[in-house]
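Down below is the structure, laid out as C-alpha cells.
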2 protein chains.
Amino acid sequence: MKIAKLAKGISLKRPLEGGNEEQLTVVRQVLADVRTQGDIALRAYTERWDGYMPTSLQVTKEEIQKAVNDLDQQLYQDLAEAAKNIRLYHEQQSRHGYRLELGDGSWLGQRVTALDAVGLYVPGGTAAYPSSVLMNVIPAQVAGVKRIVIASPAGRDGKIPAGVLVAAQLLGIDEIYKIGGAQAIAALAYGTETIAPVDKITGPGNIYVALAKREVFGEVAIDMIAGPSEIAILADDTAFPDEIAADLLSQAEHDPLACAILVTTSEQLAKKVAEEVEKQLEILPRQEVARASIENFGVIYVAETVSDAVEAINSLAPEHLEIMTNNAEAIAEQIRHAGGIFIGRYSSEPVGDYFAGTNHVLPTNSTARFASGLNVDDFVKKSSIVYYSEKTWQDNAPKIARLARMEGLEGHARAVESRGWKKE
Amino acid sequence: MKIAKLAKGISLKRPLEGGNEEQLTVVRQVLADVRTQGDIALRAYTERWDGYMPTSLQVTKEEIQKAVNDLDQQLYQDLAEAAKNIRLYHEQQSRHGYRLELGDGSWLGQRVTALDAVGLYVPGGTAAYPSSVLMNVIPAQVAGVKRIVIASPAGRDGKIPAGVLVAAQLLGIDEIYKIGGAQAIAALAYGTETIAPVDKITGPGNIYVALAKREVFGEVAIDMIAGPSEIAILADDTAFPDEIAADLLSQAEHDPLACAILVTTSEQLAKKVAEEVEKQLEILPRQEVARASIENFGVIYVAETVSDAVEAINSLAPEHLEIMTNNAEAIAEQIRHAGGIFIGRYSSEPVGDYFAGTNHVLPTNSTARFASGLNVDDFVKKSSIVYYSEKTWQDNAPKIARLARMEGLEGHARAVESRGWKKE
C-alpha cells in the first residue's frame, strides 16, 4: 500500500461506470415493452436474460418457509437480533407533523405521511445480501409504508437465494417477485397485470438496473445510485496496525473500485499498516478483488497534525470513517462530512454493516457533503396546510395582493381579493 | 371550461419539456468550458447570451442599497412580514440528532448538520420573483447553511430586477452574481476563480438551466426539477363560484401548460364556475396564457359523492389542493397525497404563494405521491455514529462474523475478529 505525505486536494474519486449508449438503448426498449405489454414482456425478458421461465412470478409461501427451515438456527437468531437493533435505531427517526396556531383561529400545519408502496431491488447471485433486505425494509416499515415489495432475479434453478427469503420472512414481507434487471424496475415503476406499481424503488443493482432507475426517476422516486464502497481511517500512534489493516481490507474486498484510505499522524504506524495489509492480503479469500482496490486506490497519508488530518477527512467526505485515536469522540465532533462515523478500536466498520443498528446504505463518492444514509425520512413525504380565518384574511389580503401585483400576477391578486366583498 | 363526469384514471399529466439533443449538446459544452476555463468561459457565455459583459460578476453593495431605496416602503414592509411568517413556519422543521445508549458505555447516534454552501438560481426578466428568493433562502438559513449564494442573469442593462435584490437584502444575502443559464449552473457546481462551488443548487429556470442541473446532479445536490403549476379544488354546493373561478385562473395564468381542475359534488356549482371562469378570463391581463391552460388542461369533474371526489384527488396527488366544502378540515384529513392543502374559503392558494409562511416550492406532476415541498430537511444531511465498547464488541463479535461469512465476506469477519485476542 502506497504511503504519501498528506497534501491539499486528495480525493476519493474513481472512474464511474455510467453505462454506454448501447446499454441505454437496451434499457429504454425494455422499459417501453414492459410498459405497453406488461407481464408478457416481463416474462419474455426474464426467460431471455435470467434463463428461467417462472411458473409463478411471485415466490410462494412454501418456498419462503423452506428457506427458513433450511437455515442454521444460530444464523436465524443473529439475523433476528440484527433486525431488532436496526429497528430500534431507526425508530428514533420517526417524524410527526406540527400545527402552528396563528391566532384568530388560523393555523398552518405540516403533515408527515408514509409512501403508499415501496419496491426493494435485490441483485441476484452472490451479491444477494440478506443484510441489504434488513437495511432497506426496516426504515420503510418504521415510516409506516404499508406495501413493501421485493424484486430479485431467480437463478437458472428458479430460486432466489435463501438468505434473502429468510430476511424477508423475518420482517413479514411476503410479496417477493422473481424478476431482475431493467424489466424488474419497469414492472415496479409502471406495474403489470400481476404487479401493482410502487412509489419508490430502492436497492443496488448492475448497470442495467442503475440505468433503468435513472430513466424511471420522476415517475417514481429512487434512492441514490451508489458508487463503489469507501473507508477512510483516521488514526494516531495509539492504534493497532493489524486492526487498521483488517478494516481497510474489509472495504477493499467489496470491489476492485473500492477505496480504502488511512490518514495518520504517525509515520511508524503508516509503515506497519502497509506491512500488515500485505500480510493479510496474502491469506484473504477475496485477495484478487481486494488487491486491485488497494493497489489502484489505497493510500496511507501521513499528516503533520491531527487538525490537518481532520480537514483532509472533511474534504474527502467519505462513506465510512473510523477514528482510532486518543480522544476519538472529541475528534468525531470536528467531522462535518461523513456518511457513517465509527469511533474507537471496537467499532470496526462491519459492526455497522450487519448489526449495530445504523444503516449500511450510505452516501459514496464524496456525496456525504450533501447526502445522508438511507433513513426513515426517505420513506415519508410532507404536505403543508394553510387555514386562514375570515379575520386573518381580512388583515392580510391587501398585503398579499400587493406582493402578487409586484410580480405581475394580477390573477393571484384578484383571487385573494375575490373573498368577502360581496354576497350573503 | 369543460365539464365532465368524474371517472377513474383522471390525470394531471401534461407533455413534459425534456429538452432535445441539440440543447443537451450545448449544455454539455458550456459545462465543460466553464469547468476547464473558469471565469473566462463564464464571461464569454454571459456576453454572448445575456448580451451584457459585467465589469464585476458580483452585484455591489451600492446596487443592492439602491434597489432597497427605490422600492415602495409599503412593499418593503410586506416582503419583510412575509419573510417573518415563512421563517416562523420553517423553524418548526429544525432537526436535532439523537444519541441512543446501548449499555456498557456503547452508543449509536445520528448527527444532523447543515450543508456548507447552497446556490439559488433565480431566472431573469419577468420570471424573477422576489417570493422565490424568500422561499428558497429561508429554509436554508433555518437549516444553518452558512454560505448562500444567488445567481441570476442581468438584463441587457446590466441589472438584476430590483425585487430580487431587495428580497436578498432583507435576508442578509449579499453574495449575488450576475450570471444565468447553464454557465451559471456550471459556475455554482464546479466553481471558478471568483465563485467558490456550492454543495446544492435550487431554484427554477428555463430548459437550459434544467438540463444543466440534471447534468451536474451527483457532483452536487439539486432540488426537484419542477413542472408547470397545478391546482385541484374540491368543492361542494356551499362554495362560491366566483372565488373558485378566480383561484383556478390564478394557477392558469402561470403557464399555458398549467393545470387547473375542479372536482365537485354539485352540478349547479360546476356550471356556474364554468361561466365565471369565462367572465373573469375576459378581463384578466394574462388572458392569453390562462386561456390556453384552461382550454387544454382545465376540467370540472362532477362526482357522485364526496368520497369519490376525495379518492380522485388522492389519485391526482396535486401540487396545490383547495378544499371548499362543509367540514373542510375533516375532509383534509382524508387527503393522502397533495403538496400543499388550503382549507376553507379564506385560504385562497396565493395566500401560500406569498405570505402565510408555508413554502411555495411544491411537488408537481403527481409527484406529491412521494415528494415534499421545499423544507429545512432539504438543506441538512445526517451522519450515523457507532461507538462500541470492548464489552459490547466481545458480546457481539461472533454474531457479526457469522453474518459476514454467510454473505461470503471473510474480510469483514476477520476485521471484527481482529480486536482483542492479542497484544497488550
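Numbers here mean position along the shown chain, with the first residue as 1.
Glycine residues also receive a Cβ, built from the backbone N, Cα and C atoms like all the rest.
So that you can see what the record holds, here are the features copied from TrEMBL:
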ACT_SITE  A:Glu319  active site, proton acceptor
ACT_SITE  A:His320  active site, proton acceptor
BINDING   A:Tyr121, A:Gln183, A:Asn206  NAD(+) binding site
BINDING   A:Ser229, A:Gln251, A:His254, A:His320, A:Asp353, A:Glu407, A:His412  substrate binding site
BINDING   A:Gln251, A:His254, A:Asp353, A:His412  Zn(2+) binding site
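Closeness to chain B is evaluated for the recorded positions A:Tyr121, A:Gln183, A:Asn206, A:Ser229, A:Glu319, A:Glu407 by Cβ distance, with values under 8 Å counted; counted residues in sequence order are A:Glu407. Cα of A:Tyr121 (NAD(+) binding site) to Cα of A:His412 (substrate binding site): a span of 45 Å. Comparing C-alpha positions, A:Ser229 (substrate binding site) sits nearest to A:His320 among the recorded positions A:Gln183, A:Asn206, A:His320. DSSP classifies A:His412 (substrate binding site) as helix under the three-state reduction. In this view, A:Tyr121 (NAD(+) binding site) is surrounded by 27 other Cβ atoms within 10 Å of its Cβ, with every protein chain counted. Long-range neighbours of A:His320 (active site, proton acceptor) (same chain, six or more residues apart, CB within less than 8 Å of its CB): A:Ser229, A:Glu230, A:Ile231, A:Ala232, A:Gln251, A:Ala338, A:Gly339, A:Gly340, A:Phe342, A:Glu349, A:Gly352, A:Leu362. Between the binding-site residues A:His254, A:His412, A:His412 has the most other Cβ atoms inside 10 Å of its own Cβ, all protein chains included.
The separation of A:Gln183 (NAD(+) binding site) from A:Asp353 (substrate binding site), Cα to Cα, is 29 Å. Of all the binding-site residues listed (A:Asn206, A:Gln251), A:Asn206 has the fewest other CB atoms within 10 A of its CB.
Least crowded of the recorded positions (A:Glu319, A:Asp353, A:Glu407), judged by neighbouring Cβ atoms within 10 Å of its own Cβ: A:Glu407. Residue density at A:Gln183 (NAD(+) binding site): 29 other Cβ atoms are found within 10 A of its Cβ, drawing on all protein chains shown. For the NAD(+) site, the Cβ centre of A:Tyr121, A:Gln183, A:Asn206 serves as reference, and the other residues of the chain with Cβ at most 8 Å from it are A:Pro123, A:Ala151, A:Pro153, A:Ile179, A:Gly180, A:Gly181, A:Ala182, A:Ala184, A:Ile185, A:Gly205, A:Tyr208, A:Val209, A:Ala212.
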